[in-house]
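The structure is given below, and queries will be raised subsequently.
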Amino acid sequence: MSSGDGASKKSKKPRYSRFTQQELPACKPILTPALVMASFISLGITFIPIGVSHLSASEQVVEIREQYDEICVPSNYTNPTTAHQERIRFIQDSRTDKTCTRTLTAPHKMKPPIFVYYQLDDFYQNHRRYVKSRSDKQYRKPRSETEYGDCDPESTFNNMPIVPCGLIAWSLFNDTYRISVNDIAIPINKKDIAWKSDKTHKFGSDVFPKNFQNSDLVGGAKLNESIPLSEQEDLLVWMRTAALPTFRKLYGRIETEIEARDRITVVIQNNYNTYSFRGKKNLVLSTTTWIGGKNPFLGQMYIIVGGLCLFLAIAFIIVYLIKPRPLGDPSYLSWNKNPPAH
Amino acid sequence: MDTSSNIEIIENSYQVPDYTRNSSSQRSISSFQSTQSKTSIREVNFSSELESKPVRHGSTGGADSEGFSASYKEINDDDARLIYINDPEKTNEKFEFAGNSIRTGKYSFLTFLPKNLFEQFHRVAYIYFLVIAILNQLPQLAVFGRGASILPLAFVLLVTAIKDAYEDYRRHRSDKIENNRLAWVLVNEQFQQKKWKDICVGEVIKVFGNETLPCDMVLLSTSDSTGVAYVQTTNLDGESNLKTRYAKQETQMKSPVEGKISGLIKCEKPNRNIYGFQANMDVDGKRISLGPSNIILRGCELKNTDWTLGVAVYAGRETKAMLNNSGAPSKRSRLETRMNREIFFLSIFLVTLCVVVCICHGIWLRRHEDELDLMQFYRKRDYSGPEVENYEYYGWGLEIFFIFLMSVIVFQIMIPISLYISMELVRVGQAYFMIRDNRMFDESSNSRFQCRALNINEDLGQIKYVFSDKTGTLTENKMEFKCASIGGLDFSSGTGNEQVEYSVEVDGMILRPKMKVKVDTELLDLSKSKHSDEGKNVHDFFVALAACNTIVPLTVETDDTSVKLIEYQGESPDEQALVYSAAAYGFMLIERSSGHIVIDIQGERQRFNVLGLHEFDSDRKRMSVILGCPDNKTVKVFVKGADTTMFSIINKSLNLDMVKATESHLHSYSSKGLRTLVIGMRELSTSEFEKWQSSYESASTALMGRAALLRKVANKIENHVTLLGASGIEDKLQQGVPEAIESLRSAGIKVWVLTGDKQETAISIGYSSKLLTSTMTQIVINNNSKNSCRKSLEDGLVMCKKLKIESGATGGGHGDGVSRLALIIDGTSLVYVLDTELEEQLFELASKCSVVLCCRVAPLQKAGIVALIKNRTEDMTLAIGDGANDVSMIQMADVGIGISGQEGRQAVMASDFAMGQFRFLVPLLLVHGHWNYQRMSYMILYNFYRNAVFVLVLFWYVLFTCFTLTTAITDWSSVLYSVIYTSVPTIIVGVLDKDLSRTTLLKYPQLYGSGQRQESYNGKLFWVTIIDTLWQSLAAFFVPLLAYWGSSVDGSSIGDLWTIAVVIMVNVHLAMDVMTWYWITHAAIWGSIIATFICVMVIDALSFLPGYWAFFHIANTELFWLCLLGITVGALVPRLVVKYLVQCYRPSDIQIQREAEKFGNLRVAEIEMNPIIDSPRTT
């Protein structure tokens, strides 16, 4: 008993396509033992050489680091309870002579360019209050000088706009170094230490510092009001806030070679107040290779991971030889494992 | 369904309206609240919800099953609406009833914005988004830039709003068309055309044949002299058969044009019950009661009637069709429920992270309390003003509190809110594939698979119990007249195989029944011989078949103008089959009106007067018709009904042998799976007839308790009837049912059949559908008292144990002995078991049986049985059915499936999914269900991982920033992370990934077990994922940290490195788990990584952001790329190792089959398969 009107109606049958029937051509990879072993071996083979070359590059870097924050304050602050306050008083006093001379020895021959960094420890340039305390608009255009963004509390002085505003600029690092090798003064090239993109686009060449560092509380360096922001490279470097509480910032470059065992004398103007928050200050002289500065971590990691991969590959092979499982063997199917009795 | 006494009817009659009504109203409320913006897929339909029809009404129009209590209850004046017929002014005087213009559109120009937003914010996800975004707007808490925090929410809102606006525009357009349709309305004693929207309650409307009704109206008169009108309710409940409606005799005679029509109708307030209506009408000082058969509803079409007159009682949005216009009910999937538990864990993590951060910050503040004033990077004091004040420092406690709130903002995506949106998208995609599946398209009914509920796709992969209706679900519900036992002789049409086409010529036209029926040649010959005793019997038998029903013959034009087809329209397929077969034997019903019928008997037209008709009802389980024969002298009553009630009224003294023979025939028919009916007849003497007639008339005009009175009259007349014979109607099994059941069984799904049929019929269908096999032990429970039920259950349990011990002794141990038990229980016993303490025992017994057959169950019992399992186990239940009697079961089960078949669309309306054939259950569960479950569970776990790994990377960094929630990763990257960087691949994989091919899944139904065992999503996997997440976040964070420790790297650069590292890691992680790579998958995964690079570049090319050009600086160094490679490998190696070892040494079934699929070991596997237990038994 079939009704004949089915044919006359338009069929609603879905049109066939491989897509709608979920039959598109496809690749179905399976983790076969061979594939897994091969990929682990190849991972091992690629990772170990990378690790080794990274490590050797890291070894080639010659780095001299000198922590000077404690040494460069008068050594008579010995009373542990008061020493901290005395140090702060010392560094805040603008009249005291803060010159400090350190002598270092080059362990190896250092080829130019030798980078001069200052390194701060426990300085949280990534503190939320701090990172947001800037106004990128103000730095770019002279007419935006009243666009303070989140610059408070360093946005105005006596209701006059501070340029550059914000805590970051206010706290600009102001220690200075003079270096002489074997008593011969060596110039530190401070040109092009900042990113070119910052100089051309981020900081205006017609924006000049105004009312900067005029308040009672001096955070750091003062700026020459006749030089536009885009040329204040120390500021630009400082304004690239560091990611981590221990960080280096480029101070300058030395273009002369330093031989091994050369005596390097550094005259430090110890101005910057890291004592208030018990931070540390270091001077770093370092050469570079393709990996940047000295850091063996990545090389070690690569070697460990590579080694582990090789080890796993071998372990898999052994396990496979001892206890192989044929692929797609139906006797492993759950309903075949306990065959029901009939 | 109404009159024939087939057993299926019993199912309907058991409806307890209260229950369904309660549940429906609750559901309708809940569905109202939860429909939200899922309209994109939801059909807009005139859903009848689950309102069950109490009993379909045939002729007399009393609401007989609900009895007099309902239909004759005085309507309270407060709850009534008063309608003055043909006086709309007066009707609307006191209280303006709704006009007939409809507005399905939700919004107008003004209300769109507030209303749409209000609706969208019904989602918890959006509220969460919004609260976080608002928190972020407070200056003290502004973690992200204002734009960055609001943009994603705004984007989602905008897209949804545009979609809603477009849909609403379309609704407005269709409303406009609808409102401007024309109808004839009586104005100033003349019929004028009026737009639909201008029709008011109280107006008299004339509707012509084949027109659609503009509003709900009470019938006043029709073109038929007896006041009958036929309507088709396809738009309302999807049923395509004609329903009869009646005008009251009191109004039928009046002509409205002459202004004679007036009166007052007092009816109930508008409600959504399309099968109920109560009213009184005062006409000419007489009070007449009106029932559901006196009202015709908006959306119906008038058929087979030239015109009708009616008075509008409900208009516009108050019509029943509009009140029922709501969406499908919403359920929540098991996976989602489980997922919410895990989300709870994640919120605990979130709170823990936030607490850790704020406590650490508090300690840091305390330790450095004295230093804060001067510290360059803190600078508590503000010296810029005249007075030195604290700058943005609110004291220790508040600072900690702010830090807590800020950390909630920063870590917000720990709660994967986007997951809910992705899940919805994935489900839409999955639904698309299910709907588009050619293998689930039913050619015969031309119907596609329908997804009505969108949020339980993945439940299809975890079903453990299938509850199936029999008629129309396992069987086709296309009744075929198979056997007849007439006068004690058995005629089984097995002998004659040709299909005979009977036709008659009337007025030069050839009339022919629309459907051909196989006939038994012997019987055909016999039916032509009029004079033998047998011939007489056969004659009466077929007259009974042709007359004793409520079928309406319709003539249909064909291409050949001289040939017309007769189509029998009726509510019961059994009756149709009987009438068609009578026609094939030369007893063709040609015309039916309320007063007479015309039957063409062997080419001779005979007119029978229908003197009375006693409808089918559930107590009597039979119907009868009193006919005045063509000779105008004899009056006969023909009775047709279920054997149980028929044999009690048969006059056995006449021909005991024949009764015995018929009884044995009946038994053999029902054991073949046929539906049986017994037919009897009695000639009435004049006195008897007159007595009956007077009581019939007084009963049918009675104002109080008409239904009960009529029943009494019927019982009186239906007595001492002569047995004519019995008929056996075959309800053929649907194609592929035995195979489907076998597949489901091997998939570990228990199939229960719940039917209203007799036990014998049920058992025989059980055999033919391979549900029962000859090796099974049957436990049959049919008792009439609680105690005997208890005893049977106890016996059953003992038998179970015995069998278990036996099978244990033979060395099975797999519980296989138990799986060969079948429980057969009937509705009467269930009455004593359900909702009593015996339930527990029944559950225990039933769960030990592999097959459970429940026969003679009422709709509510069906729901009760589903609840029995649902409330006691964690197992997922699925109910499948096609009729109104399955509605309660469909709604009770976790997944409800409606078969869009013969019995109307009630089941479909209540269902979550609808399809054309039972056998589609196999691809639906084993293939789509399996895929949906695997995809969805992987997607959920992956989304947890994806968001948590990002949050953890942020968290580790916070530990290095004095716990102040600085993020090295830019705001925009944080926001885009779950929008652009990683969202597309999960959705693509969630929609497209396939672990196994369709062929394999169908071949090895056992693979379905992985979903039942929750192998792809469980607590263990969640915690493993969390541990993996922890490791990966450590790798992603600390490799760059240590590689750049003490270097001059700036925050933005290393932030970019972290962003890209996490995105690559997360996408490669996904790539490792993808099982089927299409080009789309490739495009999505690798494209996302490329898109991330592009986005990061674009963000870093904006000079007003602090991180300007950072990416280009850092990407210029080798270290950057070495870090990326190192992170990806280092983070994912542990996962790869574990995955490999598990796959190799603890392989899941799926894994083995994947390998087999790839390396072609299928041949071996086939041999190892369990042989399918096959029963040779067929009907």
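From the backbone N, Cα and C atoms, a Cβ is placed for every residue, glycine too.
Keep in mind that what you see is a predicted model, and the values were worked out from it rather than measured.
What TrEMBL records for this protein is below:
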REGION    B:18-69  region 'Disordered'
COMPBIAS  B:23-39  compositional bias 'Low complexity'
DOMAIN    B:83-149  domain 'P-type ATPase N-terminal'
TRANSMEM  B:124-142  transmembrane segment
TRANSMEM  B:148-166  transmembrane segment
TRANSMEM  B:343-365  transmembrane segment
TRANSMEM  B:400-421  transmembrane segment
ACT_SITE  B:D469  active site, 4-aspartylphosphate intermediate
TRANSMEM  B:944-969  transmembrane segment
TRANSMEM  B:975-992  transmembrane segment
TRANSMEM  B:1021-1045  transmembrane segment
TRANSMEM  B:1057-1078  transmembrane segment
TRANSMEM  B:1085-1107  transmembrane segment
TRANSMEM  B:1119-1138  transmembrane segment
In this predicted model, what is the average pLDDT of the domain 'P-type ATPase N-terminal' (B:83-149)?
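PLDDT averaged over the stretch: 80.
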Are there residues at least six beyond either end of the transmembrane segment (B:1085-1107) with Cβ under 8 Å to its Cβ atoms? List them, or say none.
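Those are 970, 972-973, 976, 980-982, 984-985, 1051-1053, 1055-1056, 1059-1060, 1063-1064, 1067, 1070-1071, 1074, in sequence order.
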Is it possible to get the count of other C-beta atoms within 10 angstroms of the C-beta of B:D469 (active site, 4-aspartylphosphate intermediate)?
31
Name the range, of those listed as B:343-365, B:400-421, B:1021-1045, B:1057-1078, B:1119-1138, that has the largest tally of Cβ pairs under 8 Å with the transmembrane segment (B:944-969).
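Ranking B:343-365, B:400-421, B:1021-1045, B:1057-1078, B:1119-1138 by Cβ pairs under 8 Å to the transmembrane segment (B:944-969) puts B:1021-1045 first.
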Go ahead and report the DSSP secondary structure tallies for the domain 'P-type ATPase N-terminal' (B:83-149): helix first, then strand, then coil.
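Per DSSP, the residues of the domain 'P-type ATPase N-terminal' (B:83-149) fall into 31 helix, 2 strand, 34 coil.
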Residues sitting near the transmembrane segment (B:1119-1138): Cβ under 8 Å, six or more positions beyond its termini, same chain?
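Residues 1028, 1031-1032, 1035-1036, 1039-1040, 1043-1044, 1057, 1060-1061, 1064-1065, 1068-1069, 1072 contact the transmembrane segment (B:1119-1138) from elsewhere in the chain.
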Can you name the far-off residues of the same chain, 6+ from the ends of the transmembrane segment (B:400-421), with a Cβ under 8 Å from a Cβ of it?
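Contacts of the transmembrane segment (B:400-421) (Cβ under 8 Å, skipping residues fewer than 6 from its ends): 123-125, 128-129, 132, 135-136, 140-141, 143-144, 149, 156, 343, 346-347, 349-350, 353-355, 357-359, 361-362, 365, 394, 939-940, 943-944, 946-948, 950-951, 954-955, 958, 963-965, 967, 974, 977-979, 983.
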